[in-house]
Structure formats: structure tokens, C-alpha cells
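*Asks:* Residues or ranges marked as ATP binding site by Swiss-Prot on the basis of sequence analysis: Thr10, Phe11, His18, Gly89, Ile90, Arg91, Glu99, Trp124, Ala125, Phe126, Ile127, Ser128, Ser129, Ser130. For Thr10, Lys42, Leu74, Arg88, the entry in Swiss-Prot reads substrate binding site, with the evidence type sequence analysis. Among the features that Swiss-Prot reports, site 'Transition state stabilizer' is placed at His18, with the record citing sequence analysis.
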Amino acid sequence: MSIRVIYPGTFDPITNGHLDLLSRACALFDHVILAIAESPNKKTLFSLNERVDLAKGATAHLNNIEVTSFHGLLIHFAQQKNIPILLRGIRSLSDFEQEWQLCHMNHRIMPELETLFLMPSEKWAFISSSLVKEIAQYRGDVSAFVPDCVKEALLR
């Protein structure tokens, strides 16, 4: 039996923390879908297509990953893909509180949906896309936090 999971998020932009979680997920599961949310209620730096392209570039070294985008509710995307497992990363207690609510709301709507949580490696536990964007906005060096393709995009 092939175990497939969806790792959803905005990924604006994808960071080394995301890549750490993805590489570990690829070792645990047969197929990982990196599902990039349109997120119309969020003000994103990169367009949906740019975020997909950056994620594809950053994950090219991973064999069992598929990068795609989705619109609307994540549970509808999971149903469409026939994948009942979500993978989420938790860096902090505040992440846990938000993920706990989402997990239970999703489960209430789609009872067969399970959410698995992975803690980041200690090296990447403090990184967030928001912090990376703020550092880049003031022309700080983000090379330790993002893959090269993202660094180049942030410098444009």
C-alpha cells in the first residue's frame, strides 16, 4: 500500500525549514504533495505561479514529491486527490494552537481526514516566511534561511 500525504501551505516563500520537513516527509512516505494555497485573504509577496515555480526549483532534488497549487478549501483538495492525510509542521506553541483548531475543524467536516505533525529540526525551528520577507525587505542576507532560487527572487 502506498502512503501519500499532502503538505499544504502558502509557502510565500518556501524556506529551508519547509525543505527540512519535506525531505524528512519524503523519507517517511511514498508520495508527498506540496500543495500551495492560493490564499486570497493573505497579502502575498509572490504570485501563486511564482510560489509554485520557486517550490519546484527548491524541491527538484526530491524524487517522490509533487508540487501543485489549489484553490478553495483544503479538505476539498484532499477529497479530490483521495488523500486522507495532511502533514503540518509545528515550530511553537502558537503554531500548535492554530493547527489544533484547524485539525478539529477539518476532521469535523471530513471525518476520515487525519493530520500528522512534524517538529522542525532544531536548526530550522525559528525560521518563518514572514521573518525571511522582512529581512529581505531591508536587504539583509537571507542565504542561510532559503534556497538559492528563493534568495535570487527576493533580491529582484
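Placement of Cβ uses the backbone N, Cα and C atoms for every residue, glycine included.
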*Asks:* Could you check the binding-site residues His18, Lys42, Arg88 and say which one's CB has the most other CB atoms within 10 Å?
*Replies:* His18
*Asks:* Give me the count of other Cβ atoms within 10 A of the Cβ belonging to Thr10 (ATP binding site).
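*Replies:* Neighbour count, Cβ to Cβ under the 10 Å cut-off: 16.
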*Asks:* Could you list the residues of the same chain, at least six apart in sequence, whose Cβ is under 8 A from the Cβ of Leu74 (substrate binding site)?
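*Replies:* In sequence order, Ile6, Pro8, Ala35, Ala37, Leu86, Asn106 meet the Cβ cut-off.
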*Asks:* Can you give me the same-chain residues 6 or more apart in sequence from Glu99 (ATP binding site) with a CB-CB distance under 8 Å?
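*Replies:* In sequence order, the residues whose Cβ lies under 8 Å from that of Glu99 (ATP binding site) (at least 6 apart) are Arg88, Ile90, Thr115, Phe117.
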*Asks:* If I take the alpha carbons of Ile127 (ATP binding site) and Lys42 (substrate binding site), what is the distance between them in whole Å?
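*Replies:* Between the Cα atoms of Ile127 (ATP binding site) and Lys42 (substrate binding site), the distance comes to 19 Å.
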*Asks:* In the structure shown, which of the binding-site residues Ile90, Ala125, Ile127 has the fewest other Cβ atoms within 10 Å?
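*Replies:* Among the binding-site residues Ile90, Ala125, Ile127, the lowest count of other Cβ atoms within 10 Å belongs to Ala125.
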*Asks:* Nearest to Lys42 (substrate binding site) by Cα distance: which of the binding-site residues Thr10, His18, Ala125, Ser129 is it?
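*Replies:* Smallest Cα separation from Lys42 (substrate binding site) among Thr10, His18, Ala125, Ser129: Thr10.
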